[in-house]
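Asks: For reference, the structure I am asking about is given below.
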Amino acid sequence: MAGSDQGGTDQSTLREEETRSQAAETETDAAEVDAAGNSASARDEVDSAENAQRSIRDMLDEEGGASVFDNRDLVEPDTIIDEERIVGRDDQLESVVSFLKPTLQGNRPPNMLLYGPAGTGKSLIVGAVTEQIIELCKSKGERFGVVSINCQPINTLDQAVYELVQTVAKNVGAEVGVPETGVSTKRKYRRLYELINENYDSVIFILDEIDLLVGRRANDEPAYSKLLYQLSRASNTNEIEGRVSVAALTNDPKFMENIDGRAESSFNPRDVYFPDYDANQLRQILKNRRDAFRPDALEDDVIPLVAAFAAQSHGDARKAIDLFRGAGDLADERGEEEVREEHVRESQEEIDKDRSLKLVEGLTTQKKISLYATAAVARHSRRSGSSVPSPVGFKVYQWVTDELDADQMTRETYVKYVKELSTYGLISTSRKSRGRGGGMYMEFTFTGDPTAIMDRIVEDTRLETIGGQDELLQSVVNAQLNEFHEK
Ligand SMILES: Nc1ncnc2c1ncn2[C@@H]1O[C@H](COP(=O)(O)OP(=O)(O)OP(=O)(O)O)[C@@H](O)[C@H]1O
């Protein structure tokens, strides 16, 4: 069973869903009978429709008045902002500009590794520079292509190559020209190179969250390593005729330690480091987007407070911008004309509560099991501190899957799933060494309460049987922790 991505289908859940939809159909029938009865008086119907319309308009008039926003787009997470709104990234901008400048002189730029914590401007900077290069190249009649993908939702090398094909096809308005499944990865690479050769003189691949492209097979070279190897040598092998460079973006400062020697020497990147922001920089980032709001709609203490909250959560500019927008939305929802400190505080509370628990509900069964096992270690550990070494988390994961008679993933996939959750702020990850010759492992730490997460997971009917086994789970956790620390 190992290696498959899905838990077994739960027949009783499916039956429940069938029953629910039958019930919904019956309700619809009843409503039609009702409506047929009432239609005896056509006049009444028109009257009530008019009333309904009036009251909707009244409601809209009441709440749709003055929004606190003037230009809400400016505080949307994916808006590409103008250069003059960028704060505190002069060194990184300078480095990326100098690395990519050769493109304009007809030379091949070096590959790059942009690394640093989440929300520190990696995508922003590489996006802002490549956007300018596209413009400058266009004016010279050079065709410069930017092929950008996020590897986080992608599981395999094959899917990654397909995603690249799709992205180029979309950029140039061509047919994808290759099916998603049923053909070899090699064929997808061929289509990718064909599209690039037909449309671009030079190209940069931007691979965001590259460290999450692990692949599925155990004891095999990780998918990111293979992809970096292929793409960075594609121009040496003449598969791509023009100039190629690859920019890999990651939160993992030790990323290069995990890539295969072959990939390391062909990728051989120039590094650009993105440190997290302090409260002053976050304040400046927000001030530069102040015009997202009406001039008189922000109380003075809003920006400092948003910046202070975001500085606490690892200086992440995305979180600062999300909270800024959230506070504005809350003021709008309540029909208030000013964003005040209380809107920021409440919005932050909502974000904290919602983020973890809502996210947990939407996870696939396998991700829920991975998270449950990891949270169980944090909750039941009798050792001081509640960080979870990944080898222990994986052993407990195996125990849980056995208990549930569910599929079992490889250790790499387990680690990938748990690492993914760090991008949502549920946990933080760090890489640890077991000392001389002992190898490396990941360590997971929960930012919130692991028990609340476990409780939410066992609400899933497929996993509820595991919920009643706390004592057993506690002894499994501590036996595994002891074994790990004695090694
Ligand atoms: N220096 C900055 N000045 C202005 N806005 C910024 C700055 N840095 C980041 N932002 C904004 O914060 C958000 C997140 O930035 P970005 O996506 O570039 O981060 P990242 O480092 O690529 O994050 P991740 O590792 O999570 O992908 C974006 O909306 C971006 O516009």
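Just so you know, glycine gets a Cβ as well, placed from its N, Cα and C.
Sharing the feature lines straight out of TrEMBL:
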- Thr120, Gly121, Lys122, Ser123, Leu124, Tyr277, Arg289: ATP binding site (BINDING)
- 108-336: domain 'AAA+ ATPase' (DOMAIN)
- 371-457: domain 'Cdc6 C-terminal' (DOMAIN)
- 1-52: region 'Disordered' (REGION)
Asks: Could you check which of the binding-site residues Thr120, Gly121, Tyr277, Arg289 have their CB within less than 6 A of ligand 1?
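Replies: Passing the 6 Å Cβ check against ligand 1: Thr120, Gly121.
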Asks: What is the number of residues in the domain 'Cdc6 C-terminal' (371-457) that are helix, strand and coil, as DSSP sees it?
Replies: 45 helix, 16 strand, 26 coil
Asks: Sorted by position, what residues of the same chain at least six away from Ser123 (ATP binding site) have a C-beta under 8 A from it?
Replies: Ile206, Asp208, Leu249
Asks: Just to be sure I understand the packing, how many Cβ atoms besides its own are within 10 Å of the Cβ of Gly121 (ATP binding site)?
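Replies: Other Cβ atoms within 10 Å of Gly121 (ATP binding site): 22.
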Asks: According to DSSP, does Tyr277 (ATP binding site) sit in a helix, a strand, or coil?
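Replies: Going by the DSSP assignment, Tyr277 (ATP binding site) belongs to neither helix nor strand, so it counts as coil.
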Asks: Where does Lys122 (ATP binding site) sit by DSSP, helix, strand or coil?
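Replies: DSSP call for Lys122 (ATP binding site): helix.
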Asks: To see if you understand the setup: which same-chain residues, six or more apart in sequence, place their Cβ under 8 Å from that of Leu124 (ATP binding site)?
Replies: Ile80, Ile81, Ile86, Arg89
Asks: For the binding-site residues Lys122, Arg289, which Cβ has the most other Cβ atoms within 10 Å, all shown protein chains included?
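Replies: Selected residue: Lys122.
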Asks: Can you give the largest Cα to Cα distance in Å, as a whole number, for the residues Thr120, Gly121, Lys122, Ser123, Leu124, Tyr277, Arg289 that bind ATP in the record?
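Replies: That value is 19 Å for the farthest Cα pair.
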